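Here's what TrEMBL has on this protein:
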- A:9-27: transmembrane segment (TRANSMEM)
- A:34-82: domain 'NADH-Ubiquinone oxidoreductase (complex I) chain 5 N-terminal' (DOMAIN)
- A:47-69: transmembrane segment (TRANSMEM)
- A:98-394: domain 'NADH:quinone oxidoreductase/Mrp antiporter transmembrane' (DOMAIN)
- A:236-257: transmembrane segment (TRANSMEM)
- A:269-290: transmembrane segment (TRANSMEM)
- A:302-328: transmembrane segment (TRANSMEM)
- A:349-370: transmembrane segment (TRANSMEM)
- A:399-421: transmembrane segment (TRANSMEM)
- A:442-466: transmembrane segment (TRANSMEM)
- A:598-617: transmembrane segment (TRANSMEM)
- A:605-670: domain 'MrpA C-terminal/MbhD' (DOMAIN)
- A:647-668: transmembrane segment (TRANSMEM)
- A:680-703: transmembrane segment (TRANSMEM)
- A:686-760: domain 'MrpA C-terminal/MbhE' (DOMAIN)
- A:742-763: transmembrane segment (TRANSMEM)
Amino acid sequence: MDSTADSSHFIYFIFLTFIPQTMQGVVTETMPWIPSLGINFTVVVDGLSLLFALLITGIGSLVTFYSIFYLGKKKERLNNFYAFLFVFMTAMLGVVLSDNLVVLYLFWELTSISSFLLIGYWYHRERSRYGARKSLLITVFGGLMLLGGILLLHVITGSFSLHEIIGEATVVQASSLFIPAMILILLGAFTKSAQVPFHVWLPDAMEAPTPVSAYLHSATMVKAGLYLVARFTPLFAVSGVWFWTISLVGIVTLFWGSITATKKQDLKAILAYSTISQLGMIMTLLGVGAAALHFDSWSDDIYIGALVAAVFHLFNHATFKGSLFMMVGIVDHETGTRDIKRLGGLMRIMPVTATIAFIGTFAMAGLPPFNGFLSKEMFFQSMVDVTTLNLFNADTWGILLPVVAWVGSIFTFVYSMIIFFKTFGGKLKPHLLPKKPHEAPFGLLLPPIILAVLVVVTGVFPNLIAKPLLEPAVKSIMPSLYGTDYHVHISFWHGFTMALMMTFGVIILGILLYKTANWWRPFIKEKVPRFFQWGKAYDNSMYYMEQGSYRFTLWIMTGWLRTYLNYMLMAFIILMLGTIFATDALNFDMSAISRVTMMDYVLSLVIAVTLVGVVFSKSRITSIILLGAMGYTISIFFIVARAPDLALTQLVIETISVVLYLLVFYHLPQFSNIEEKPKWLSVKTLISFGVGLVVFLISLSAYDTNFYDSISQYYIDNTYTKAAGKNIVNVILVDFRGFDTLFETVVLAIASIGIFGMIKLRLARREKNENK
Amino acid sequence: MIILPIVLSIGLLLYSISIFLYLYRILKGPTTSDKVVALDSIGMNLVAIVALLSMLLDTSAYLDVILLIALLAFIGTVSFAKFIEKGKVIERERDN
């Protein structure tokens with residue numbers, strides 16, 4: 001790319017050079033990352049990516065310029081700020097340019113993390129930390145859902161490449177994982193784009209510095225979800241679930257956001273809810289535009305209009321909302337407050353800012369000649385068109401969409417008027433302002449001026465961007481349009497349509513509502529929140545989740561080993577009994593059993609007597625003596641079973657154990673002196689009987705279940721001939737299976753070293769002595 | 001040679017009964033010393049039982065065991081005795 005050589009230091013201009021290419025098709029570039037897993041950093045620039053990339057880099061440059069003047073050079077940690085901001089910018093570019101879904105997810109999470117860092121930029125404030133944590137929790141929840149969706153798509157198609165997956169759309173649509181993948185990806189998009197009910201993080205993200213709010217929380221990051229929805233439209237749009245979910249969530253968000261925005265006092269909070277509302281509007285348009293996929297030819301189909309409106313409004317919203325946030329930042333900077341109760345009458349003092357605000361707010365409200373007017377007209381037009389759609393029952397329930405959209409737009413008009421007239425109209429209240437207001441320096445004004453100029457220019461001459469930017473973007477959302485002679489043409493005036501009537505209605509009712517605001521605002525402000533508040537719901541759910549897990553942990557983690565032992569043994573009983581009965585493994589075949597002699601009976605009886613004695617003895621020393629007796633009896637069992645080596649070892653070990661018991665005996669506490677009668681039906685007895693029974697059943701069933709012959713004949717034949725020994729046990733221990741012996745020896749060594757260390761190394765006592 | 005197994009069996013039975021009686025003493029014995037003496041006697045009975053068993057099984061592989069039981073019973077009893085007398089089994093050297 002020779003043409004970029006001059007401007008290669010300014011990424012915005014690099015992206016501008018892509019416009020001619022994206023008008024034709026797509027530009028692809030691949031850098032291998034993990035090729036064996038199909039994960040490569042593939043960059044695909046098409047119309048949609050380019051539109052986003054231009055917004056990101058363009059507004060990013062303006063915001064950076066604005067921040068230079070906004071943030072104090074001495075007081076702020078600017079290195080952190082710009083590092084976070086540029087990490088975010090890179091991540092956002094990565095999201096919109098990646099073709100590989102894993103890489104997309106990676107950048108997606110990087111936007112969440114850098115947004116978290118930027119919201120918590122003033123980390124000494126409690127509210128900033130709260131907002132940062134909230135936004136991270138919600139967006140990362142959505143990000144993980146998105147990852148799930150990506151993996152499901154990978155399961156279906158075997159590819160991580162977006163374009164390959166869309167190429168196999170029919171396979172995906174036939175799959176049973178189609179709906180789960182769609183829902184998961186939508187969850188990711190809704191959380192990021194602050195759709196109801198996941199919008200709660202966005203107002204709290206306003207604790208970030210204003211340039212961050214302008215950039216992340218109006219122009220770019222919150223549009224990542226919209227990008228995702230637009231991206232996946234060719235894949236999922238065949239489904240009615242997609243159409244209805246997106247349209248309904250969008251329209252509810254539009255309505256809720258605009259209503260809530262009217263009751264806020266903080267300018268940034270109004271703008272936050274307005275952003276939520278506008279994002280809902282774009283989401284609705286994308287949902288309705290999905291219907292376009294069901295019609296083969298574009299010529300007689302009006303639903304592509306919804307997509308054009310979505311893409312157009314996405315661009316418009318980025319411009320005017322960016323300028324509005326910067327305007328609020330200026331007002332905050334120059335007056336020291338953002339509270340609309342304290343502001344007013346700034347028009348004379350800050351004329352330039354007021355002009356910017358005028359353009360921004362009325363572009364948002366949808367007045368001519370600003371670009372918001374055009375996209376709102378197109379929005380109304382699409383909403384009206386939905387009612388004629390003969391798909392997904394839209395002809396019956398679709399009437400809800402234009403009505404709700406219209407009411408939402410009225411409130412949009414109202415809060416736009418509130419923003420402008422409460423700040424700049426009315427009387428100046430100098431006694432309420434922390435600072436003496438004056439016009440902002442030129443550096444702060446320039447970026448919003450550029451954006452405002454864009455708002456006007458694209459409003460008056462929409463076709464300036466329609467052909468180079470919007471048309472390729474719409475074609476990316478509807479790939480079937482490639483190669484057709486479809487052209488986006490936005491006319492400023494298109495006759496007395498239904499949409500125009502709706503706009504008139506919005507303006508008239510909006511002015512009426514604004515005039516009577518004192519009468520109905522308290523109702524929204526005080527009565528409605530009494531029933532329901534999303535933020536409260538979030539806080540409560542966090543509180544109860546924390547309390548719940550805390551209580552649960554306290555309940556289950558008692559700190560007593562006996563409780564944990566109970567858990568383990570109960571799990572053993574349940575799992576084992578379950579397995580025995582599930583696999584029908586019980587086997588009481590006694591045919592292979594050997595003859596039981598008198599001796600066996602007697603020895604078993606001795607062991608039973610000592611066992612009962614151990615369990616019921618009242619003093620420890622009796623228990624120890626009885627354990628010794630039991631050990632000796634077991635050695636007799638070994639003798640009867642013809643195992644002299646075992647008997648020898650057992651006797652020695654038993655004696656040593658008894659001596660060891662006696663060694664520590666002196667230090668042991670007595671059994672509790674309370675005469676406790678053993679309860680026959682306590683949990684402990686039940687568990688111990690259960691364990692005994694299960695082990696008994698298993699050994700009995702396993703005894704006669706031989707799948708293969710024993711391999712012992714080999715040892716019997718070869719002990720002397722191959723290993724030069726007559727004692728078969730010892731030869732196995734040191735020759736045939738000497739490795740086990742080696743490590744048993746190591747175990748003994750470790751045990752003895754450990755005992756030595758525990759006795760000799762008394763760090764606590766030594767420290768105490770040194771302190772003295 | 002049919003009489004030998006019968007005699008041995010009778011002997012084993014008697015020793016077993018004797019072990020049960022000692023066990024009764026261990027469980028009941030009013031003092032610890034009673035119990036320890038009972039345990040020592042069980043050890044001696046075991047010596048006899050092992051001897052009878054090795055005759056019954058017709059092998060000399062258990063002669064070590066007989067020696068060992070005698071030895072261990074002695075050590076065990078001595079440790080118990082020392083424990084009962086001093087509360088400790090192994091005393092520390094004086095200079096430590």
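Just so it is clear, glycine is given a Cβ too, placed from its N, Cα and C backbone atoms.
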The transmembrane segment (A:302-328) versus listed stretches A:236-257, A:349-370, A:442-466, A:647-668: most Cβ pairs under 8 Å:
A:442-466
Restricting to the same chain and to residues at least six past its boundaries, which positions have a Cβ under 8 Å from a Cβ of the transmembrane segment (A:647-668)?
620-621, 624-625, 627-628, 631-632, 634-636, 638-639
Would you mind listing the long-range same-chain contacts of the transmembrane segment (A:9-27), meaning Cβ under 8 Å and 6+ residues beyond its ends?
1, 3, 43-47, 50, 53-54, 57-58, 60-61, 467-469, 471-472, 476, 482
Please indicate, using numbers and ranges, the residues of the same chain that are 6 or more beyond the transmembrane segment (A:442-466) and have a C-beta under 8 Å from a C-beta there.
59, 62-63, 65-66, 68-70, 312, 315-316, 319-320, 322-323, 326-327, 329-330, 333, 352-353, 355-356, 359-360, 363, 368-374, 488-490, 492
With Cβ-Cβ distances below 8 Å as the criterion, list the same-chain residues six or more beyond the ends of the transmembrane segment (A:399-421) that contact it, or say none.
247, 251-252, 254-255, 257-259, 261-262, 267, 270-271, 273-274, 277-278, 280-281, 284, 288, 324, 340, 357-358, 361-362, 364-366, 376, 379-380, 383-384, 386-387, 502, 505-507, 509-511, 513-514, 517
Excluding the flanking five residues on each side, which residues at least 6 beyond the ends of the transmembrane segment (A:349-370) place their CB within less than 8 Å of a CB in that stretch?
274, 278, 316-317, 319-321, 323-324, 326-327, 330-331, 334, 376-377, 409, 412-413, 416-417, 419-420, 423-424, 428, 437-440, 445, 448-449, 451-452, 455-456, 459-460, 492, 503, 506-507, 510
DSSP says what for the domain 'MrpA C-terminal/MbhE' (A:686-760): how many helix, strand, coil residues?
62 helix, 0 strand, 13 coil
Helix, strand, coil residue numbers for the domain 'NADH-Ubiquinone oxidoreductase (complex I) chain 5 N-terminal' (A:34-82) per DSSP?
32 helix, 8 strand, 9 coil
On the 0 to 100 pLDDT scale, where does the domain 'NADH-Ubiquinone oxidoreductase (complex I) chain 5 N-terminal' (A:34-82) sit on average?
90
Where DSSP helix means H, G or I and strand means E or B, what are the helix, strand and coil counts for the domain 'MrpA C-terminal/MbhD' (A:605-670)?
55 helix, 0 strand, 11 coil
